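As given in TrEMBL:
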- 1-284: domain 'Glycosyl hydrolase family 59 catalytic' (DOMAIN)
- Glu133: active site, proton donor/acceptor (ACT_SITE)
- Glu209: active site, nucleophile (ACT_SITE)
- 292-406: domain 'Glycosyl hydrolase family 59 central' (DOMAIN)
- 443-617: domain 'Glycosyl hydrolase family 59 C-terminal lectin' (DOMAIN)
Amino acid sequence: ATSRLLVNYQEPYRSQILDYLFKPNFGASLHMLKVEIGGDGQSTDGTEPSHMHYENDENYFRGYEWWLMKEAKMRNPKIKLIGLPWTFPAWIGKGENWPYDFPDVTAYYIVSWILGAKQYHDLDIDYVGIWNERAFNSKYIKHLRSTLDKHGLQQVRIIASDRLWEPISFVLLLDSELHGVVDVIGAHYPGTKTVPNALLTEKKLWASEDYSTFNDEVGAGCWARILNQNYVNGNMTSTIAWNLVASYYEELPFGRCGLMTAQEPWSGHYRVEAPIWITAHTTQFTQPGWTYLQVDGHLKGGGSFVALTDGLGNLTIIIETMTHNHSQCIRPPLPHFSVEPQRATFYLKGSFDLRRSLLIQELGCFVTYLSDFCSLSFLYFQVWKGSFSLDLDVDEVYTLTTLKTGKKCACPEPPPPQPFPSNYKDDFNIRNPPFSEAPNFADQTGVFEYFINASDPGDHVFTLRQVVVQRPITWASDADQTISIIGNFQWVNMTINCDIYIEKQRDGGVFIAGRVDNGGIYVRQTKGVFFWVFADGTYRVTGDLGGKEVLMKGLSGVRDNAWHTLTLNIQGTSASGLLNGYPLWENVTISKPRNGWAAIGTRSFEFAQFDNFHVEA
């Protein structure tokens, strides 16, 4: 759920961000895009909607991943697309929090997403995974392969298991049938190392999720080091960064752990962070299908290099000299090592044969210094009789290449940063919305979608509706309530108004909230000021999403299947609430939290509608 805010950017800024990510020979020039197959559950920084909320439901226009893949393909038709589920809608498990009891059902669900990508968006999915960082099931993987083949999707390759090298590598060596259907072993955060069993499988080895580090210069150093050393130490030929772009509220888990930052659609501000240019050192000068030359890529003075060829005479060498303190990733812990200034001499021979090496008389040289990422510079480097030498300092990245195509492009400066608007309204009155979710709302449990309330004769035809009615097969600790956050985490004093409509009879309920202090994988721990009304005619004020810290309760007269207006006013250490414009409760003392987002949500996984949301902070 890390691209949530990106879709809300206005032009030209949204296209500029996408160009920095995907446009060839411009910025990151990415070779692969891996997206979540939304499953209605929390996947780190929010939920992403499923294309099948319910068994008899199919909709291939929910969420923003379809749009993102199309934008990537439009810029680079050769980009590889990967889909991977984190969570699954409840009906897949038929009451169990497990997707493998009915492998035919789960395989059909995943294959339907791949077919929908082609039918509705003309997108060809290249790879599909099993279940992010959770157990794999051999029977299911085989069933997935046969289901793909039955639907003419032989070209779609399977990655397993998006967790650790083991036990998948060991099982592949034991099970020849499974070995025949898994194309890539994908490990997460491997620390540049692999295991003997993985090598013995002779499969492609990928760091199918890595990086996940704050995108300052240390994060850039981490990215530079692992892009090279994942191959040098671990024989991994693909490294995929989580995450693509930090386009989610920064105070959610792993804030700014993207290749660039775009978290202010309301202002248009974004930042092209250092990892974009570290990426370019590899991606602008190689392509999928190029081959790593089998050399010892360890430099004597510390650091590493890799060499790749297209088999047609082109050669690219990427060198990094990242020091320990300037290249620590968020995980795993990095053992101490030393890097020192050195003179390195390279000889073009061996697997890159002498005949071709003698034809290379100069190499283009791109340089980035960790201390100044604006200084990526280009020059030509002379090659004499198949060898050349370089004086390397610490914390530098070099690309030496026969290609003439590399560029460091730049768009005009984006607007300056601005906080979230302190007076924000949304009436959800949009007949044909470009996306299923309302701008800036970030769902943390449940899914909130635009809804046309055809039965309403009055002012509530167009609303926002919570649509997940059963707890999904979870990946994280989703809350027992649904919640969507919005606004500025630094807000202290605020007034929130919202029209609400409880659909669930007897025990249904909804809330509006302020000073909400948590989300993402920590959503169950969320504190704040929550104003609840229930279908049984009662209300509560609580200091937490779970409803355990009751600050006040009483009768409200609210009923289901009728519209009501809630108002929550928080000023300093006091809060009060209005129902339909009349005071319902007041003078509730608030001590913690001292600041946070605004939010809406429901008592359980239930249908409910919201309209005319307004916050003044």
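From the backbone N, Cα and C atoms, a Cβ is placed for every residue, glycine too.
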* To do: Give me the Cα-Cα distance between Glu209 (active site, nucleophile) and Glu133 (active site, proton donor/acceptor), rounded to a whole Å.
  => 10
* To do: Just jot down the residues in the same chain as Glu133 (active site, proton donor/acceptor), at least 6 apart in sequence, with C-beta under 8 A of its C-beta; none if empty.
  => Asp162, Arg163, His188, Trp475
* Structure fact -> Averaging pLDDT over all residues of the domain 'Glycosyl hydrolase family 59 C-terminal lectin' (443-617) gives 97
* To do: Using all protein chains in view, find how many other C-beta atoms are within 10 Å of the C-beta of the residue listed as 'active site, nucleophile'.
  => 23
